[in-house]
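**Student:** This is the structure I want to talk about, given as structure tokens.
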């Protein structure tokens, strides 16, 4: 049955952020992507207004086409590549919040989450990519940055490059009943939101710490890029500026702004606490110079290196990792809070 443009626009207007129009057109991967990201943060949903006619035409062509093109590689799309990197990072951040307490998280759960996010974008529309190679690139990259939240970025980039290298058109298959498609989408949605909901409801305190650490790590990525850091701060304060634009200057008595300020202060205080613990691990007073930090780090690494403590390997390994983590925290430039 041919798909109608008016019906597509109606579904886009009513349930666009939930991907109803993509579900109607048989674009299940795109529908799932919109379900998990609320229409790409709303921006992707709005930009789709001009693309709906081409989506409808593509869906109708797919119904009348018995075989997909063979031996033809889809054109390279910078937009799809950027979306793969962004969604891969998004999936990694969600995994970092909800699954980071798992054993071997940085070896198994993190690359799997990032790789699946990249593959989801790769499967949008009439294209797809190689499952094994994309996940393989993610798993091979993760040990290089073991134990560091910044690992999300290189894993996503490596998986996205691999997905683009192995891009291809989807193989034409017979249409499935709507109930089967909804069942599959429901399972995927629960797999994504279930761990996050469990962490938020059953382990709230730890989840708040994970959220603060994740946001802090995200902000630390931009320490060496002042312009990008400024843009990220503007993005995080966007709800306040929108509120101020619509309601006027609420001042600092606004309960909404106070709640937003509490979140910002919580993230900042968490980062301050991490720096205090890092000074304690290295045995230094707060405000120590870079030379003192480097000297203490080199001395402690020699003392607690696992190769020099074969009789207490586990304890030495724990101290060694703590020392490295503390040195990494104190090596990052500290952002001064603005008044």
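Note: Cβ is positioned from N, Cα and C throughout, glycine not excepted.
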**Student:** Given 32-50, 51-69, which one carries TrEMBL's transmembrane segment label?
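**Tutor:** Going through 32-50, 51-69 one by one, TrEMBL flags 32-50 as transmembrane segment.
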**Student:** Between 144-161, 162-179, which stretch does TrEMBL give the note transmembrane segment?
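**Tutor:** Checking TrEMBL against the ranges 144-161, 162-179, the transmembrane segment one is 144-161.
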**Student:** Can you say which of 32-50, 79-98, 182-201 has the most Cβ pairs under 8 Å with the transmembrane segment (144-161)?
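**Tutor:** Ranking 32-50, 79-98, 182-201 by Cβ pairs under 8 Å to the transmembrane segment (144-161) puts 79-98 first.
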**Student:** Grab the same-chain neighbours of the transmembrane segment (32-50) for me: Cβ-Cβ under 8 Å, and only residues 6 or more beyond its ends, written as numbers and ranges.
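**Tutor:** 12, 16-19, 22, 87, 90, 120-121, 124, 185, 188-189, 192-193.
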**Student:** Could you put numbers on the helix, strand and coil content of the domain 'J' (277-339), residue by residue per DSSP?
**Tutor:** 45 helix, 0 strand, 18 coil
